[in-house]
Amino acid sequence: MPLEIPILIGGAANAMDALFSTFLLSTSSTGLLSGRNKTLIYPMKPFAPTPASPVISDVETKEKPERSMRTKGGSADRSSIQGSSSPMQMPQTKPQYLSPRTRSREPSAAAALCIALDELINNFIDPPHLRSSVDPRHVLSNNWAPVNELPPTPCPVIRGTIPACLRGGAYIRNGPNPQYLPRGPHHLFDGDGMLNALLLPRDGDGDGEAPATLCSRYVRTYKYLLERDAGGPVLPNVFSGFHGAAGIARGAVAAARILTGQMNPAAGVGLANTSLAFFGGRLYALGESDLPYAVRMSPEDGDITTLGRCDFKGKLSMGMTAHPKKDPATGELFAFRYGPVPPFLTYFRFDAEGKYKTGEDVPIFSLAQPSMVHDFAITERFAIFPDIQIVMKPMDMVAPGGGSPVGSERGKVPRLGILPKYARSDAEMRWFEVPGFNLMHALNAWEEGEDTIVLVAPNVLSIEHALGRMELVHSSVEMVRIELRSGAISRTPLSAENLDFGVIHPGYVGRKNRFAYLGVGDPLPKISGVRKLDFSLCGRGDCVVAARDFGPGCFGGEPFFVPAGPSRGEEEDDGYVVLYVHNEDNRESKFIIMDARSPQLDLVAEVILPSRVPYGFHGLFLTQDEIRAQRPH
């Protein structure tokens, strides 16, 4: 049976997260209303847990439980409960947990009642088998099935040699990996964040290439720690769980848990499962429904430790995009948050040292309704925001027949908003209608002259299928030219293939560039290969100039480009493309390095991984110098 994912990958569930976060925060007695729009503000200290929260910064390796199920490489692989690649056999009448861990204590009477209510809802009101798109037996099948943590484990380089610019560096990829099997409906985006980090060797061992080191660790979010100690799920699955009457019922149970002190939404409800960012000497795991979680990679063995949830000394509240943009010239980081209450979008930035620019938030009141804003783009002078056809409609849950609070609105005309990068208010925002253009992931943007902005991004076609039939979604990469003086818009497709999850040379962010590297949806969210686009061929046919397919039964994820040098040079594509690839036939996972300049993206090196690495979302590469430069606390 084909995998069915009820969301456009990369954001709709995060829109639901934002909606759910606002609901929980409004229920909590610790919330304070302030500001002209009554925005919910929760005072907190950086990396300091709330009274109800475990101390995240004190997590040690010894706290990580050993698992009983092992693969040939020594890591715990929880997909073994389901056979080779068949759907997991999970009864609908009783929750089962993937971890052998038992509850640290017997649940209180209030907790036991909430668990019983959860089972009532999941078994009789909204059993997952009635909606195959959120049935865990399908959603968590094949290489989407979760795995257990893996301590630093050596893995051999089985082909080629590691290029000099990658030596001692690390590829880290974020993605969803549920700590426990869900009790009810489950969406791909509902999984807890897990970082799969591969530390590459610094040099050879005398007899050839030294081994790399793979480490897989959960991000120790408040939700993860709360449910780890409870021995099972506590927070409802955000996207899959809030649907019609069952969503209202689950909201009531969540409110009961808050009121009886079982959970504290002010401590965070996010999953930190979407992407990563490195700025100001610190590495962050990101999920746009919550604040960033600071994590640290050990330079010695590549182990990952969660330092804590970071609000930047009380200056950042609610959440932050999983796709901030770092200006390569200034070192500043530009970001935003969005949600279901006005202002629906707020723009902000950090300086080159990673300090939040206090007092410079720009609330965007000209965004008239809550839309999903998953990504954006910057140029040297502007920030560009999409206003697409996926919107938040919480009242749909109580409408006749019940529905999801996040859905598509076909009658809406998509827009692009252009805001000066250092604007002080949204009075400087200009909106341009771009019919049929739904941007989920931006590749890059730049300026040509004083009055033209060029944006390159995949356009999600058939947006009506994006929330229910992911396999029918096709993303077409387009170059959009915006004439600021006349308001004229022109669009040119760059390829006929289904391409998304793209990256460019990081030194060209916001500047005119030529090349991009994207994953091939076969269908999405699986990635069957990589394509290299040459923007200079725009208007002269298909812009694909290099291609590599992974082969039958083999799939990967988002490619990442690592430049050969530390800064922009004469050759923009002088570097390497890296990613994890999994073979669904023999259940073997690899890390591959490709020559970005070769017409077939030739393989330069391969690392065989000691355990299965599930498919995930976004990642990055840290150089050896960046790993050493991390702040210790």
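Numbering starts at 1 and runs along the chain as displayed.
Just so you know, glycine gets a Cβ as well, placed from its N, Cα and C.
The feature region 'Disordered' is assigned by TrEMBL to 52-103.
For 59-69, the entry in TrEMBL reads compositional bias 'Basic and acidic residues'.
Sequence annotations record features per position, and here TrEMBL assigns compositional bias 'Polar residues' to 77-101.
Marked as Fe cation binding site by TrEMBL: His323, His374, His441, His618.
Fewest other C-beta atoms within 10 Å: among the binding-site residues His374, His618, that description fits His618. Counting every protein chain shown, the Cβ of His441 (Fe cation binding site) has 22 other Cβ atoms within 10 Å. The number of other Cβ atoms within 10 Å of the Cβ belonging to His323 (Fe cation binding site), over all protein chains shown, comes to 23.
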